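K.L.:
Can you read through this structure? Questions will come right after.
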Amino acid sequence: MAHHEHEIVRLSASALAEQLAAGEVTSVEATQAHLDRIGSVDGEVHAFLHTNAELSLRTAVEIDARRAAGESLHALAGVPIAIKDVIVTNDMPTTSGSKILEGWLPPYDATVMKKLRAAGLVPIGKTNMDEFAMGSSTEHSAYGPTHNPWDLERIPGGSGGGSAAAVAAFEAPLALGSDTGGSIRQPAHVTGTVGVKPTYGGVSRYGAIALASSLDQIGPVSRTVLDSALLHDIIGGHDPLDSTSLTDEWPSFADAVRRADVKGLKIGVIRELDGEGFQPGVLERFREALDLLAANGAEITEVSLPSLEYAISAYYLIMPAEASSNLAKFDSVRFGLRVNPPGGGTVEDVMSATREAGFGPEAKRRIILGTYALSAGYYDAYYGSAQKVRTLVQRDFAAAFAGVDVLVSPTAPTTAFKLGANDGDPMAMYLNDIATIPANLAGIPGISLPVGLAKEDGLPVGIQFLAPAREDARLYTVGGALERLLEDTWGHTLISQAPDLAPGEMAAAEEGAV
Amino acid sequence: MSEITQEQVAHLANLARIALTPDEIESLTKELGSIVDNVAKVSEVATADVPATSHPIPLQNVYRDDVPGNTLTTEQALAGAPDHDGSRFRVTAILGEEQ
């Protein structure tokens, strides 16, 4: 073997892709290295709900054969990728983190899966998540929580904690996530990784098990900004199977990273997300990053989004309302679990018993809340008002973007909290999403990338940039530039500072035992 | 402002077709009360002159040509069903005794 496995798994997707193209490593070697890494660390991390080595290696063999035959392949062909379990796959079970879908094998592929397969990426497994993407910690997964690779007693964020932990723990260089209120960006923040929520409609939602259809968006998860851009270039674009899919022609986001520069870029700091309620170590790293951007020619100003204080409230009405409607499909008839109540009963009794047994506490909470917000007599006061707040949030963003190119804030108020820390207090858990939710309400794109470790706990801190709808490229420009400036300052990547989860692995590899 | 009662939660659970246990109804009543108190502030700024936004990026008339699409076969559609007879989903009685 030309490379030791511990070296392969630490490569970024773009670096691995270069080695694959140069014939220095095969897709089978790369896939096996990641499967072995999953084997050695995932017992502790629990990023994955399902892997199938034989299936993944079969795909890798095929890519290697095509490359050997001289076929011209996509730049990322042969690179392994982890898939959030909210995305349906016709060759791997898909549960969305719920017992109600345990063991379900979808009869079709999501559009993003078709695009990944067409580009020759190697799906390496399905990642853990809060049930139906309802949560900020993965503690609401029916299959047990994922652990943060930086500190196994802490949350990896959510709902896409599995995808973020998988890339942070070097179990995959890339992953797919979905972001309804921050489920890609907040896990990136707490795991020292990169995550992007594209413009609403920029990536097809066909085959993403819906949480809240007007908020959900699939996006890339990775360790570098360039890797997210490369993945975004593959999964983006119009899909006739998703009626909310935009017909825009998108520029190359990878090119946006490669020519990244912040000189003259106008950056607006969101006043409402820069102070009260934010951990000191988070704010410290955030402000250092702003200073670095300013020192390199960015123009930093402060902007106010006065409606932001109503955004969480609006979100926690709109999201459960849409969820209660979307989750009505789990009816014990067409797919998933069926539980027959003692003594039998009508189809309605079976349905009610099934949903009682199949949904976890957070899913029930949100379905009941959403049913309440939509019910006669309350609709206008709750759901109707929340939709008006959505208009106000959009107007705030429009006014802000009239004066700046991108907006910036810390991605979340705190670093990773301990597993179980917010048990029994759903509202405290909901406040984690304060900085990420507004983008979903407005449909605009956002990125989170690491800016260092908080002084008080040594845990990763992320910065979030937001851009106007359809201007995703700006996120890659500013994100790519900041990442380079920070790494030049540090002399290393942030993720290289994560604890070694399998300390014996490197020594063993050097002795040729692995 | 919210006065969520256990009767109300039981009614919502019935509408949502979830056979909640009495314990769940009790804890959900408390939690919903607290959440609703927190989110009710939306009505403070939702004045009559503000239009509602249902969708972040409005699109209109998204049609496709009226031709058969690539649909699932009957076998595929039934593959994940808890019970079927080969061509249809099979369920228990639709109507109860009092209906």
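Cβ coordinates come from backbone N, Cα and C, glycine included.
TrEMBL does not curate its annotations; it predicts them automatically.
From TrEMBL, for reference:
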type     : residues : note
DOMAIN   : A:29-475 : domain 'Amidase'
ACT_SITE : A:LYS84  : active site, charge relay system
ACT_SITE : A:SER159 : active site, charge relay system
ACT_SITE : A:SER183 : active site, acyl-ester intermediate
K.L.:
Within 10 angstroms of the C-beta of A:LYS84 (active site, charge relay system), what count of other C-beta atoms is obtained when all protein chains are considered?
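P.N.:
Neighbour count, Cβ to Cβ under the 10 Å cut-off: 32.
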K.L.:
Round to a whole number and give the Cα-to-Cα distance in Å for the pair A:SER183 (active site, acyl-ester intermediate) and A:SER159 (active site, charge relay system).
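P.N.:
So the alpha carbons of A:SER183 (active site, acyl-ester intermediate) and A:SER159 (active site, charge relay system) sit roughly 5 Å from each other.
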K.L.:
Restricting to the chain of A:SER159 (active site, charge relay system) and a gap of 6 or more, list residues whose Cβ falls under 8 Å of its Cβ, or answer none.
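P.N.:
A:VAL86, A:GLY97, A:MET129, A:ASP130, A:ALA133, A:MET134, A:GLY135, A:SER136, A:THR138, A:HIS140, A:SER178, A:THR180, A:SER183, A:PRO187 - these are the non-local Cβ neighbours of A:SER159 (active site, charge relay system), listed in sequence order.
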K.L.:
I'd like the Cβ neighbour count for A:SER183 (active site, acyl-ester intermediate), meaning other Cβ atoms within 10 Å of its Cβ, all protein chains included.
P.N.:
35
